[in-house]
Amino acid sequence: MWKQLKNRLNQLFESNPDKNDQKDYTSLNSQDREKSIEAKVAFNYPKKTSYNFPMSVDQTPKRVEEKPKNRQLKKSEKIERSKPVIHTKDESQKQTTSVKRKPFKVSDVPSPVYGFKQRQPVDKLLKHTSFEDEKEEASIIDPNWESRRDQPIKQEEKKQYHNMDADTQSEKENIMMDRTNSKPTEQEEPSVVASNKTTQPTHKKREPFNVRMRPSDKKRYAESRKQKRAQTEDKQLDHLNVNLLNEVNDQSQEDKTWLTKKSELLIQTLEEFNVKAKIANVMQGPSVTRFEIQPETGVKVSKVKNLSDDIKLNMAAKDIRIEAPIPGKNAIGIEVPNDQPSAVNLMHLFNSDSFKNAQSPLTIGLGLDISGRAIVSDIKKMPHGLIAGATGSGKSVCINAILLSLLFRASPEEVRLLLIDPKMVELAPYNDIPHLISPVITDVKAATQSLKWAVKEMEERYMRFVEMGVRDIDRYNEKVKKDDRNAEKLPHLVIVIDELSDLMMASPQDVEDAICRIAQKARAAGIHLLLATQRPSVDVITGLIKANIPTRIAFSVASQVDSRTMIDTNGAERLLGKGDMLFVENGARTPVRIQGAYVSDEEIERITQAVRHSEETHYLFEQDQLLEQTEKEEIEDSLYDDALQFAIENESISTSLLQRRFKIGYNRAARMIDALESEGMISGQNGSKPRQVLVTSKTTN
């Protein structure tokens with residue numbers, strides 16, 4: 001009995017009921033391995049039901065599918081566990097049939113870009129028009145597009161790269177497809193768009209597609225776009241006219257042998273006069289080289305300055321200039337002319353970063369300093385300039401460079417010009433450009449009247465500022481722009497006088513009064529003066545004019561007296577000419593030596609011709625109108641009626657009598673006598689006797 005129970009229990013515990021299952025599982029695994037060898041790629045696509053993402057890669061079907069079978073066997077077949085495991089014929093047939101291999105077939109491997117869809121030939125891709133591209137993009141942007149597809153794909157997987165090249169785009173798409181393992185379908189529309197992008201990488205709309213932005217980012221993006229549009233509108237003429245300038249000449253490289261030779265010669269010359277010094281630095285500019293020497297302790301600066309003629313003799317230089325000491329350095333600068341000076345073109349200045357990055361429309365380019373750096377100034381900060389130099393030193397060329405800089409930077413709505421040229425030929429090429437207020441004024445009387453018009457314009461602008469409650473022209477224009485009253489926007493006015501001495505000889509009092517009033521008050525009103533003269537004497541540049549014009553440009557002058565009159569220091573008499581200048585900016589104490597930019601006549605003609613074609617010219621007044629107005633002012637004196645009434649009461653009139661009665665000068669009294677005679681009010685001249693009155697009070701009424 002006990003033996004039978006014992007044997008029974010041994011049979012129950014020692015027998016393995018899962019052997020058959022394990023064999024089946026191993027057979028299934030062998031079949032899967034053989035199939036995997038044939039397919040070479042395993043595809044695990046997500047089902048339509050919800051699933052956990054990402055799925056574990058090493059998950060096997062053993063525990064998921066086989067354990068429930070084992071549990072069913074334990075419940076339903078407990079009685080048959082003691083029986084030996086018998087393999088049926090069907091299972092053996094399954095094993096034998098599974099071992100049989102099918103013939104080799106080419107498997108369809110999906111493309112990471114096209115999926116199972118067949119790749120289109122190149123000819124068809126090239127035939128896509130922009131209209132078809134827009135249709136395809138519209139189908140992608142359509143919100144119901146996901147419902148028309150067989151299986152959903154996340155919105156993040158449909159990113160389009162508009163501004164990328166074809167190679168980088170295809171590489172990034174491959175990486176995205178490998179990461180996401182999304183199910184490619186045969187009706188995948190983004191693949192067509194991607195293929196089109198390879199042939200047409202550029203797109204009309206360069207805005208980001210399907211990008212989530214915060215409100216602050218959207219605001220920054222909109223502001224940056226507005227700034228770009230404003231810059232393109234402001235620099236429309238700049239892009240139009242840059243190619244009209246002459247190309248930049250190759251700058252002559254530093255001649256090291258010449259520099260070493262001159263430096264050794266300079267040290268030798270100083271040692272001969274018992275001045276021990278060493279050369280700290282050498283800077284070679286377009287026309288001048290500056291040797292910076294450091295004298296030993298105990299050497300006076302005045303001793304080096306007194307050796308200028310000796311240094312000039314030993315170095316065989318045309319002329320030298322000593323700057324002792326250099327501001328901000330413990331060195332003395334000795335400037336020696338180059339053997340082969342190089343010219344400076346406007347293209348070099350306009351391509352410099354300082355000129356490109358300037359925001360003001362009144363930015364002007366002057367030239368290059370000794371170190372080769374572009375010198376750029378702003379007329380707003382000047383706010384008035386005085387240019388002086390001998391004949392042929394480069395004044396007119398400097399004025400042309402300033403005018404061309406204004407034409408490049410500013411539109412007629414921003415800057416207007418009033419050109420006065422008593423020489424009649426220097427500023428004639430600028431006629432009929434849209435920036436002019438009137439044609440170039442060549443008559444002296446009309447020039448005086450135009451300066452009086454500028455004074456009236458200044459007073460009218462200040463009246464507008466008072467009404468708007470602003471202090472200067474910039475705030476006025478900002479306020480007008482905010483109120484959408486762009487028609488009331490005021491442009492800056494630049495008055496250029498090429499020869500001031502000619503005006504001062506004709507009518508010195510009127511010209512000086514007008515210039516002084518403009519220089520004192522017109523800065524905030526946006527009116528700026530640029531005066532040029534070849535005779536910088538006290539008669540032309542009076543103390544009142546000089547005090548109100550802080551910015552000066554001195555070219556080569558004849559004597560130290562003229563240099564002191566211009567820049568209050570010596571040095572301008574030692575300049576080389578041909579554009580060599582000393583620039584004293586507003587607020588600066590020491591002048592800066594600059595080689596001015598050269599402007600040819602061909603450049604002026606090309607640029608002015610291009611500007612004339614850009615816009616129409618609208619003059620505010622003509623030169624003839626100014627002359628008529630001066631004649632009316634000469635005839636219609638404010639004291640004319642009083643003088644006539646006085647003559648009728650006195651029954652005789654003379655010039656000296658008018659002078660005593662009305663306390664006026666001889667010229668004004670003589671003009672009134674001539675006016676009365678021309679109108680038949682008094683008799684003609686009769687020696688030294690007074691003139692008789694030919695009318696009465698009744699006839700005059």
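Glycine residues also receive a Cβ, built from the backbone N, Cα and C atoms like all the rest.
According to TrEMBL:
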type     : residues                                                       : note
REGION   : 1-33                                                           : region 'Disordered'
COMPBIAS : 49-59                                                          : compositional bias 'Polar residues'
REGION   : 49-236                                                         : region 'Disordered'
COMPBIAS : 60-93                                                          : compositional bias 'Basic and acidic residues'
COMPBIAS : 120-132                                                        : compositional bias 'Basic and acidic residues'
COMPBIAS : 145-176                                                        : compositional bias 'Basic and acidic residues'
COMPBIAS : 214-236                                                        : compositional bias 'Basic and acidic residues'
DOMAIN   : 372-564                                                        : domain 'FtsK'
BINDING  : Gly389, Ala390, Thr391, Gly392, Ser393, Gly394, Lys395, Ser396 : ATP binding site
REGION   : 682-701                                                        : region 'Disordered'
COMPBIAS : 683-701                                                        : compositional bias 'Polar residues'
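Helix, strand and coil residue tallies for the region 'Disordered' (682-701), in that order: 4 helix, 6 strand, 10 coil [DSSP]. In sequence order, Gln534, Phe555, Ser556, Val557, Ala558, Gly577 constitute the residues six or more apart from Ala390 (ATP binding site) in its chain with CB-CB distances below 8 Å. Shown in sequence order, Gly577 are the residues of the chain, 6+ apart in sequence, with a C-beta less than 8 angstroms from the C-beta of Gly392 (ATP binding site). In this view, the densest Cβ surroundings among the binding-site residues Gly389, Gly394 belong to Gly389, judged by other Cβ atoms lying within 10 Å. Listed in chain order, the residues near the ATP site other than Gly389, Ala390, Thr391, Gly392, Ser393, Gly394, Lys395, Ser396 are Gln534, Phe555, Ser556, Gly577, each with its Cβ within 8 Å of the site Cβ centroid. Here the binding-site residues are Thr391, Ser393, Ser396; the one with the fewest Cβ atoms within 10 Å of its Cβ is Thr391. Taking the Cβ of Lys395 (ATP binding site) as reference, residues of its chain lying under 8 Å away and at least six apart in sequence are, in sequence order, Ile387, Ala388, Gly389, Ala532, Gln534, Phe555.
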